[in-house]
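Taken from TrEMBL, the feature signal peptide applies to 1-20. The domain 'NADH:quinone oxidoreductase/Mrp antiporter transmembrane' annotation in TrEMBL covers 24-286. Marked as transmembrane segment by TrEMBL: 30-48, 60-80, 147-168, 199-218, 239-259, 271-291, 322-342.
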Amino acid sequence: MPSNSTKILLLTTLVSGVLMSVSSNSWLGAWMGLEINLMSFIPLMSNAKNMYNTEASLKYFIVQVLASATLLFMVVMKTLTEDLFTLDENAHTPMIICTPLLLKSGAAPLHWWFPGVMEGLSWENCALLMTVQKAAPLMLMSYLIEINAFTTSIILTSAVVGAIGGLNQTSMRKILTYSSINHTGWMLIALTMGENLWLTYFTVYSTLAMTVVLAIKLSGTSFINQTMMTNKEVALMKFMMFTSLLSLGGLPPFLGFLPKWIIIQSMITNSLAPMATLMVVTSLITLYYYLKISYSSFMILNTEPKWNLSSYKNESASGIKALLLSSISLTGMMLCTIIANIC
């Protein structure tokens, strides 16, 4: 694990790689930004003292290099046959360029590496992988993406795999992974409706994902059965974690429901009601396993251990951050009411 100064440097270059990729006016510059982002994230993931972190970083490196090499090859081949830095309108161009970007962002059916990598990472790196690392590939896809058979199949596959895959999981990291795959499907459909809609969804999703990760890290849980053994002295932490989880699942009246509501309205306006129905059903399935965890912990299996009651005394600063972030998710009811009154 790098020192604090090295970590700040790597985080700076990681964000600069995303900004370079998003603001580039050529596909070659976008590829360079993705590579800078990758080379900054790998040292953050690696830890010589933890075999699982090293294994996860190696898996991530191999997959991302495969995607980057494919993207570079496709872009060079298309520019040689068409134009130097712009891609002419061709029926196959969006599919060819978007495929390696979908692999980078972990969308189904190219998600096979995502759960294994997430399982071996620390919670901070899990938050980065679910949020910041998705920004550049999704933004690049917004230049080419449109509603067709290929895009529709990717969106629906991501939604279904994200919903079904998390049902039988016991690891909190894998549950968040499959939830992220489901959210990727929502973000892809938001991209087809407009970049502003995607930016709204991505901002809300990133805020909620950071909140959930921070609350889970503070509670010290990695598996579902550990959430049922949380001390009564940290009941507030338990409340924050599960309200944030339910908000991430899109339960009204929390904040996570707001962007999904806007996307559903846009899909119905664009005559995509059947797809909207399937997306809502898959979102309800993800909400089911969040409710299953929350309901079991709050109502039925209220087991409280008698030991280790002082493990949270030095976490006051992080606890305040988690409290502030989770309070944001509770503002969804007010925002929904205001927007409904405006409309």
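Just so it is clear, glycine is given a Cβ too, placed from its N, Cα and C backbone atoms.
From a predicted model like this one, the values you see are computed outputs, not experimental measurements.
Long-range contacts of the transmembrane segment (147-168) within the same chain: residues 94-95, 98, 102, 107-109, 111, 115, 174-175, 177-186, 188-189, 192, 270, 272, 275, 278-279, 281-283, 285-286, 288-289, each at least 6 residues beyond the stretch ends and with a Cβ under 8 Å from a Cβ of the stretch.
Simply put, out of 30-48, 60-80, 199-218, 239-259, 239-259 has the most Cβ pairs sitting under 8 Å from the transmembrane segment (271-291). Residues of the same chain lying 6 or more positions beyond the ends of the transmembrane segment (60-80) and with a Cβ under 8 Å from any Cβ of it are 27-28, 31, 34-35, 38, 41-42, 45, 87, 93, 96-97, 99-101, 103-104, 113, 117, 129.
Same-chain residues lying 6 or more positions outside the signal peptide (1-20) and placing a CB less than 8 Å from one of its CB atoms are 29, 32-41, 43-44, 46-47, 49, 53, 128, 132, 135-136.
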